[in-house]
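Participant: From TrEMBL, here are the annotated features:
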type: DOMAIN; residues: 54-161; note: domain 'Plastocyanin-like'
type: BINDING; residues: H95, H100, H135, C136, H146, M151, H307; note: Cu cation binding site
type: DOMAIN; residues: 177-326; note: domain 'Plastocyanin-like'
Amino acid sequence: MTPVAAPVDLSKLKRIKRELVAPPFVHEHEQVAPGEPRIVEFEMPIIEKEIQVADDAWLQGMTFNGSIPGPLMVVHQDDYVELTLINPAENMMQHNIDFHAATGALGGGALTLVSPGERTVLRFKATRPGTFVYHCAPGGPMIPWHVVSGMVGAIMILPREGLSDHKGNPVTYDKVFYVGENDFYIPKDENGNYKRFEDVAESYPETEELMNGLIPSHVVFNGAVGALTGENAMTAKVGDRVLIVHSQGNRDTRPHLIGGHGDLVWEAGKFNNVPDRDLETWFIRGGSAGAALYEFLQPGIYAYVNHNLIEAVNLGATAHFKVEGDWNNDLMEQVVAPTEIVG
Ligand SMILES: [Cu+2]
């Protein structure tokens with residue numbers, strides 16, 4: 001299906017090329033659009049590779065740009081996204097990309113199906129501001145399989161004037177992190193050990209059987225248990241306003257920052273809607289990305305979790321923020337340290 005129409009003349013628009021970076025980091029961008037709408041060029045290879053998702057578990061992964069999740073792309077409303085999608089000859093599978101932010105042709109999925117050894121270029125206009133998921137959707141049961149193998153990421157389309165608070169006043173962020181949550185379905189052998197496969201094709205039959213039971217073996221942030229904890233913790237300083245973009249391509253989730261809040265939360269991720277305030281936990285619908293802005297007020301280690309705590313603690317969906325600065329005893333003080341009860 002290739003739509004036929006007169007080409008649009010975008011020759012007067014400026015072009016800018018953005019280099020994508022691996023999550024949780026986000027490529028360089030302006031919060032307020034610097035001028036007229038532009039054509040923003042991105043290039044993403046699709047990489048099929050084995051990924052270690054826990055000490056004892058490996059996934060035959062499929063990735064946008066080599067990372068799970070795929071990188072966060074950032075543009076402004078009314079910019080044009082121009083993506084070169086590359087399926088290297090070493091891959092086994094056909095892939096494509098469905099942008100929830102795009103209009104028509106299955107989000108671009110119908111125009112981007114590439115076999116190994118092919119490339120394609122898709123351009124779409126970013127008409128609606130917000131955070132949106134993109135994912136592979138090559139048809140039939142390949143769709144959920146490619147998504148739970150890692151082929152999901154997000155795009156953030158900022159309003160041209162930048163973000164606004166609940167009163168419509170401008171707000172900015174000091175840092176932005178992209179946390180992509182994935183549910184994995186890794187089969188076990190008869191001894192209860194996770195099975196390791198030669199390639200994606202070999203992993204498919206047993207993985208699909210497990211997928212259809214709807215109980216994931218792992219629920220992780222950024223592709224692996226511990227990908228964002230300890231030495232990999234996200235960092236901030238007291239007083240930093242941090243924007244956290246959180247996506248889930250397949251399943252509902254409920255981010256929660258332990259010891260913190262969501263000051264302004266675009267739960268559904270769409271910036272034309274008034275943000276919620278002071279949230280303890282927010283809801284990300286499967287197949288969407290949301291955004292939460294928080295100013296850190298105390299130093300320390302914060303756990304950022306999926307508040308289904310079984311998924312957070314036992315299946316992997318935990319990240320850390322390491323925040324530096326001075327403690328505020330007005331907000332919290334240990335009045336009496338734990339001591340033995342006497343008498
Ligand atoms: Cu795919």
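Every residue, even glycine, has its Cβ placed from backbone N, Cα and C.
Because TrEMBL annotations are produced automatically, they should be read as predictions rather than curated entries.
Let's see these features in context: how buried, what's close, how far.
Facilitator: Averaged across the domain 'Plastocyanin-like' (54-161), the predicted model reaches a pLDDT of 98.
The Cβ neighbour count for H307 (Cu cation binding site), using a 10 Å radius over every protein chain in view, is 17.
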Participant: With the Cβ atom as the reference point and anything under 6 Å counting, tell me which of the binding-site residues (H95, H135, C136, H146, M151, H307) are near ligand 1.
Facilitator: H95, C136, H146, M151
Participant: Quick one: DSSP breakdown of the domain 'Plastocyanin-like' (54-161) into helix, strand and coil?
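Facilitator: Its residues fall into 14 helix, 48 strand, 46 coil.
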Participant: Have a look at the binding-site residues (H95, H100) and report the one with the fewest Cβ neighbours inside 10 Å.
Facilitator: H100
Participant: With every protein chain in view, how many other Cβ atoms are within 10 Å of the Cβ of C136 (Cu cation binding site)?
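Facilitator: If we count other Cβ atoms within 10 Å of C136 (Cu cation binding site), we arrive at 30.
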Participant: Over all shown protein chains, what is the count of other CB atoms within 10 A of the CB belonging to M151 (Cu cation binding site)?
Facilitator: 30
Participant: Mind checking how the domain 'Plastocyanin-like' (177-326) divides into helix, strand and coil residues in DSSP?
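Facilitator: For the domain 'Plastocyanin-like' (177-326), the helix, strand and coil counts are 21 helix, 63 strand, 66 coil.
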